[in-house]
Every structure is written in C-alpha cells, then in structure tokens.
Amino acid sequence: MPKQIDTILTNIGQLLTMESGGPRSGGSMQDLRVTEDAVIGISDGRIVFAGHQGAEEGYEARDIIDCGGRLVTPGLVDPHTHLVFGGSREKELNLKIQGMSYLDILAQGGGILSTVKDTKAASEEELIEKGLFHLGRMLSYGITTAEVKSGYGLDKDTELKQLTAAKKLGERQPVDLVTTFMGAHAIPPEYRNSPDEFLNRMLQLLPEIKEKGLAQFADIFTETGVFTVSQSRNYLKKASEAGFGLKIHADEIDPLGGAELAAELHAVSADHLVGASDEGIEKLAASGTIAVLLPGTTFYLGKHTYARAREMIDAGVRVSLATDFNPGSSPTENLQLIMSIAALHLKMTAEEIWHAVTVNAAYAIGKGEEAGQIKAGRAADIVIWEAPNYMYIPYHYGVNHVRRVIKNGKTVVSREGAALG
C-alpha cells in the first residue's frame, strides 16, 4: 500500500539540491550536481525524497505539482540586509548624479543620519508594516531565509525598537529571519570625538538583547572614518564573550585590515571586502570565515572597483552573495539582479553564483543545517522558476523569474498564469 505524503513535485526539468556537508569553496563551487527529469516529495513541511523520476514509487500524494520541465532550486538565502528602517532617500539620487559628495549630502542632513532620524521617529508598528512590505517583495523574488540588521538607531531605545520589530517580523510572515545587532554602524555626531564611549554604550545593550533573544549576531563597521581595527577587535571580543556570533563590515573602501580581523576572531562572515588585501584574502581562506559580497552596492554607488571574487574563490575563500538591501546604497530586494551583477562584474560563473545564494549564504548566517539545500528531512523551502535551466537566471537580468515559492511545504507565492517578468 502506497505511503501517503502531502505533495509531489513532478516533471522537474533541472533540480539543484545544493546538497553539501558544509560551505563550498574553490573548485567545489563549480560542482553543481544537476539532476534532470527529477521529482521531490514533501510531507509535514519537510522533504521526504528528492531525486530522479521514479523516486516517488511507493508514495501517494494528496497534491501533485507538475513543474512542466522547469528549473527547481532551494529557496534563496539573503545573508545581509538592513530591511528595518524608517523613511527613504530617493531625493539623494539626483544630488549624486549632479556630483554632490556623500559628505556634502550628509552635511545637508541626508545620508545615514537621515535614515537614523526617520527610524527614530517611526513607531515599532510602523517599522513592522514597512518591513512586511519589503519582505513580501523578497519572498516574491524567491528569498525564503534572510538576515536583518539593526543600526539605524545608534541609541538604546531605537536599536531595541529595530531588533524587536525584526523579531516580530519573523513571526508575522513566511521568510525565516536571522537578526544581527549593529549598533556600531556609524558614529553619531554627539560622539564624534568620543567613539570609544559610544561603543561602550552599545556594549551595555548586549545583556538585554541576549536575554530577550533579539539577535544572534553582533556586527561593526570597520572602516576609515568609522571604527578602527583596534576598536573593532575590542568590541567584537566582548560581543563574543556575551554569546553572540560575529560579523564584520570589513574593508568596504580601504584595506584597513577588517578581513584579517574577521579571520583572527573566526567571525562567521566578513562583508563587503571591496578593499580587502591579498593577505586578508589568504587569511579568510585559512580561517573558514565566509565572504559576503555585495556587488549591488558597488553598482548603485556608481563605482567601478568591485570585490575581487575571482581571486577569493581561487584562493579558497567561501564566497556568498547578498543584496545589502538598505535605503541609501542598495535599495533593492532583488537577489536575482545581484546574481546577474555577480556574473557580469565579479566574473563568477553560474555554478558559483548558485552556491553563493543558497548553501554558502545559509552558512554565512548560521543556518547551514536548515536552509539552502533540498535534502530529505530538511524544511521544504523550494522555488519553481520560469526558466529552463540554472544558467538562465543570471543570464536574463532585470526581471523576476519566480513561478512559485514553497515555504515549509506550503505555496506562499504563485505567479502561474501571470505575465511573468
């Protein structure tokens, strides 16, 4: 007698399971292991089987989904966002086009301080409603797991408000969220001459954040004009002692030594890395710290020097990709677009890109054992794409290729019959 399960996805043209015993690096990022003419079984929100057609023998499902020969992959993972914020900054785009520098925009009350002001003014519920809108977009683009940072408060009340909003967002919509405390995102004007005092104030929040379960990671912006390597080391060591995983906004502009620090402290990830040194790249490879690259930020800022993804991969660094969704330097929820930018500007292959937005991205936020792979026993987080093969997604840029998103075994996005794009 056939075993009853909830759902069978059949007639899959190409299946990427992304099965891996850990984050991929070097040549293993080329090993995609495509299964053609495939099938997936789901029950109670979990994968029962995934493999070649015929694996469904002995099972009977209440729901059959015919994938029509299309591409099927794990849900995408976005390991770096700033999606809880107030306001927006569209007025700054024309100023940038006219040649106004960021410092000039900042002097006029724009830049990050504008977002800090708007985030302070917003209520917790307003931040949640705005976050729900952005997460709905992310889900529609195939993202089923994401990281979200605070950092637009720079004071106790607003940072806690952001983190609380993020926690509630995780409870009110399908995308799984991992939260990072980033109170050390910038130096407030009132602490310009006393950054150490500001960092100490942020460190004082850690016990309450931990007690309330508001964040899993702590992050700091290690960059010229923000926090030094020495300040960052002290801050992150204390965060680690308080029980937080570590992340670093490292070497976005200058080769300050953020990559080396991330490796030294065995941070889970080092993010940005546009200015990372050769030594920093070597140390990241040796430490296992994952490089989270944000090419959408470089693209949107109109810069021409991108992170050296090709050298990182060749050196053995575990590389992932993220949107860096934020209102100032990367206002997009579209990880598919980032995949195209990674191909064109980071010179990553399609195979490397798929690892970077699934399995490696999941490990970059501590979700490697739960997200980013289609594997028996794991949550059934799956995307059916309006695409014939995996190479098509980074190739055909600027549109949404999602046909259906399945989260924990349930369809949460269906664009079938719609004018896709």
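For all residues, glycine too, the Cβ spot is worked out from N, Cα and C.
These numbers come from a predicted model, not from an experiment.
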Site co-member for N-formimidoyl-L-glutamate according to Swiss-Prot, given ASN326, GLY328, out of TYR141, TYR152, TYR191: TYR152
Listed in Swiss-Prot for the Zn(2+) site shared with HIS80, HIS82, HIS249, one of ASP157, ASP324, ASP381: ASP324
From GLU252, GLU260, GLU264, the one annotated by Swiss-Prot with ARG89, TYR152, HIS185, SER329 for 4-imidazolone-5-propanoate: GLU252
Among HIS80, HIS82, ARG89, HIS185, which are binding-site residues, the residue with the most C-beta atoms within 10 angstroms of its C-beta: HIS80
Closest of ARG89, TYR152, GLU252, ASN326, SER329 to HIS80 (Fe(3+) binding site), Cα positions, binding-site residues only: ASN326
Neighbouring C-beta atoms (10 Å sphere around the C-beta of ASP324 (Fe(3+) binding site)): 28
10 Å Cα neighbourhood of ARG89 (4-imidazolone-5-propanoate binding site): matching binding-site residues from HIS82, HIS249, ASP324, GLY328: GLY328
Extra residues within 8 Å (Cβ to Cβ centroid of TYR152, ASN326, GLY328), N-formimidoyl-L-glutamate: HIS82, PHE85, ARG89, ILE112, THR115, GLY151, PRO327, SER329
